[in-house]
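Swiss-Prot has this to say about the protein:
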BINDING   Gly36, Ala37, Gly38, Pro39, Ser40, Gly41  FAD binding site
BINDING   Gly204, Cys205, Gly206, Asn207, Ser208, Gly209  NADP(+) binding site
Amino acid sequence: MDFCWKREMEGKLAHDHRGMTSPRRICVVTGPVIVGAGPSGLATAACLKERGITSVLLERSNCIASLWQLKTYDRLHLHLPKQFCELPIIPFPGDFPTYPTKQQFIEYLEDYARRFDIKPEFNQTVESAAFDENLGMWRVTSVGEEGTTEYVCRWLVAATGENAEPVVPRFEGMDKFAAAGVVKHTCHYKTGGDFAGKRVLVVGCGNSGMEVCLDLCNFGAQPSLVVRDAVHVLPREMLGTSTFGLSMFLLKWLPIRLVDRFLLVVSRFILGDTTLLGLNRPRLGPLELKNISGKTPVLDVGTLAKIKTGDIKVCSGIRRLKRHEVEFDNGKTERFDAIILATGYKSNVPSWLKENKMFSKKDGFPIQEFPEGWRGECGLYAVGFTKRGISGASMDAKRIAEDIHKCWKQDEQVKKI
């Protein structure tokens, strides 16, 4: 990929009717274009840099890891031990705790970007990306403060990930409640201090919902938790080590169902019978359910103790909302001052990527499941869609960099001939 190739491509684009009719700046990129500067995008850019390949990283926000920096609550820690959340090549600092804080994780990512000299193009919203059959290249249209830019590249990496857009459910009467009280997604929630003395309903019983309830409790709020579906709650640590680390170790030697049975027996010994608290367990074990559906078990950091003491109340699903009131599926009605939606996030790939083979239009995930979903056709790649957190993204980043490097070397050999 040299200067001559770039000039040749610019020559072709000079006679392209799209460039003539559209007031946009055209940028020919010799390396890959990566969409998204979260941990997945940074990991991919770093792995490419290690192999001598420079990429262009497009990020719609004004900072790296915008989900972590702008849309997470203050008390957040990594839910898994740091060794399972490291990006490729550079580990966490040795003096970081087992479960780094939100700010420590951000510092790690910023240092990671500095050490690899990764400088994303910020405030760039990718509106579309499509493969041009005539050019044999991807055309990525991005809108920023200085107008529209079209990036033309051979390789395109979708790194916007699983958590690009908040999932906001609609309940009957939501507008009426919002007119009198507060309704916000966890992406706008920072601290329970904003709700001291308030009656708050938290919708969603995943790790975020559970931890937000605990945070509200610690600041003197009166939280209730909507639990509509069955959920696995495990202690964050068991037998003197992390539950996740112990699970990964046992899976090397035992079948998944036997490991699940072990986890549930130990969890019951430590936490008690969660069904007595209104938290029914799914039929499948926690690890098997994670593999099949991607649904992550909750790692308890103190919320169950508050449920047992009655400081956090467990409620059934919501039927409808009224002004200051919530009617539940069991027919009960209660008053609340605020509702926090801990209802997760979704992929936004279908909104900008114009292709029909690699990504599902339904959920925005690769159609091929892990570990096969990282590579598509025509130089298209995906990172951060494994449903296996940062460790899964790191695995894909390494594969992508190696694959692009292989193509890069082949091109160089052809030119020498």
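Keep in mind that glycine also has a Cβ here, set from the backbone N, Cα and C atoms.
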Discussion item. Please report the Cα separation of Ala37 (FAD binding site) and Gly206 (NADP(+) binding site) in Å, rounded to an integer.
Written reply: 25
Worksheet, complete the sentence: Rounded Cα distance in angstrom between Gly41 (FAD binding site) and Ser208 (NADP(+) binding site) is 23
Worksheet item: What Cα-Cα separation, expressed in whole Å, is found between Gly36 (FAD binding site) and Asn207 (NADP(+) binding site)?
Response: 24
Worksheet item: Any idea what the Cα distance is from Gly38 (FAD binding site) over to Ser208 (NADP(+) binding site), rounded to a whole Å?
Response: 19
Discussion item. Nearest by CA distance to Pro39 (FAD binding site): which of the binding-site residues is it, out of Cys205, Asn207, Gly209?
Written reply: Asn207
Fill in: Gly36 (FAD binding site) - helix vs strand vs coil (DSSP)
coil
Fill in: Lowest local Cβ density among Ala37, Cys205, which the record lists as binding-site residues, within 10 Å
Cys205
Response to the item:
Across Pro39, Gly206, Gly209, listed as binding-site residues, the smallest other-CB tally within 10 A is for Gly206
Item to complete: May I ask for the distance between Gly204 (NADP(+) binding site) and Ser40 (FAD binding site), taken between their Cα atoms and rounded to an integer number of Å?
Response: 26
Worksheet item: Once Gly204, Cys205, Gly206, Asn207, Ser208, Gly209 are set aside, which residues in the chain still have Cβ within 8 Å of the Cβ centroid of the NADP(+) site?
Response: Val202, Met210, Glu211, Val212, Val298, Ala342, Gly344
Discussion item. Fewest other C-beta atoms within 10 angstroms of its own C-beta: which of the binding-site residues Asn207, Ser208 fits that?
Written reply: Asn207
Discussion item. Neighbour count, 10 Å Cβ-Cβ cut-off, for Ser40 (FAD binding site): what number do you get?
Written reply: 30
Worksheet entry | Inter-residue C-alpha distance, Cys205 (NADP(+) binding site) and Ser40 (FAD binding site) (nearest angstrom) | 26
Item to complete: Would you list the other residues of this chain near FAD - those whose C-beta lies within 8 angstroms of the C-beta centroid of Gly36, Ala37, Gly38, Pro39, Ser40, Gly41 - in sequence order?
Response: Ile34, Leu42, Ala43, Thr44, Glu59, Ile64, Ala65, Ala159, Thr160, Gly161, Val383, Gly384
Response to the item:
A correct count of other C-beta atoms within 10 Å of the C-beta of Gly41 (FAD binding site) gives 30
